[in-house]
């Protein structure tokens, strides 16, 4: 299938309007052309600096503009971040994402951020950060420290964007994505469904993502988590089939990207999640929280994977992490595979 960067809103709406079964069938066909089937990549997300964000994103409980139950916390110590990363690896995550509630990182924070990146990389995990807007120099610094992915969502269509955020422009977001790409990092960028946007806006979001010069390597699709105290706490729920349709169309439009089920998965039953995987989702966040919102427990995810026959992407194991029992097993295997005396010599008496 041709990878395109010239989609129109009309084309995307036509896909969204297809019969549900036909759309899922097409999305699954596209998915299997570009990705291992029955395979999901697992990430863990940690809030390394929580609350008191100067931005006015109407969906976000971390905004200083709204009264929510989120407490203000300073930038987390490097040791605590690395401890959380090790626990994430032990639980099966292959990527560790670190998020800070900032408009943009300050230069005084860059040394600590780079230390976090290097420490997580040393564990054999992929690294991702979401810190707000970046300058070209900051993007270069993070890339040189070894950051693999940078997350910066577009959130919604350009037309609906002003109804949700006024403290940074849509172009600000696109500029940050450009700086990230120029620095050689991979892009994680998606949006949020259920903020009161129209079908046109949902189509417009996917058009913006798919028409970037290079598709994002990871496309998180979030279902709004309504939080008391935010302006969007009373919006209508997303129709589950509409959400699954969006996953399917994202897969068709960006066939080589990972499509991630992100915020809102806690509200999805197993059947809805299964449909999302059928539609082409092949990545999830794993663990108890996504920044400040709940996420399904690890045990429930593993049970669902078992029911569906889904395999997790495995963490690359470093030589010094091989356990004594694993080493013994390997020795036994090698000894068993060695030729015996009867294999090497014939018995002249026979």
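Just so you know, glycine gets a Cβ as well, placed from its N, Cα and C.
In Swiss-Prot, the [2Fe-2S] cluster site is described by 97, 188, 260, and among 60, 128 the residue recorded at this site is 128. Summed and averaged per residue, pLDDT over the domain 'Radical SAM core' (38-256) gives 93. Residue 260 ([2Fe-2S] cluster binding site) and residue 57 ([4Fe-4S] cluster binding site) are 21 Å apart (CA-CA, integer value). Same-chain residues that are not part of 53, 57, 60 yet have a Cβ within 8 Å of the Cβ center of the [4Fe-4S] cluster site turn out to be 55, 56, 59, 61, 62, 63, 65, 101.
Rounded to the nearest whole angstrom, the C-alpha distance between residue 53 ([4Fe-4S] cluster binding site) and residue 97 ([2Fe-2S] cluster binding site) is 19.
In the three-state DSSP reading, residue 260 ([2Fe-2S] cluster binding site) counts as strand.
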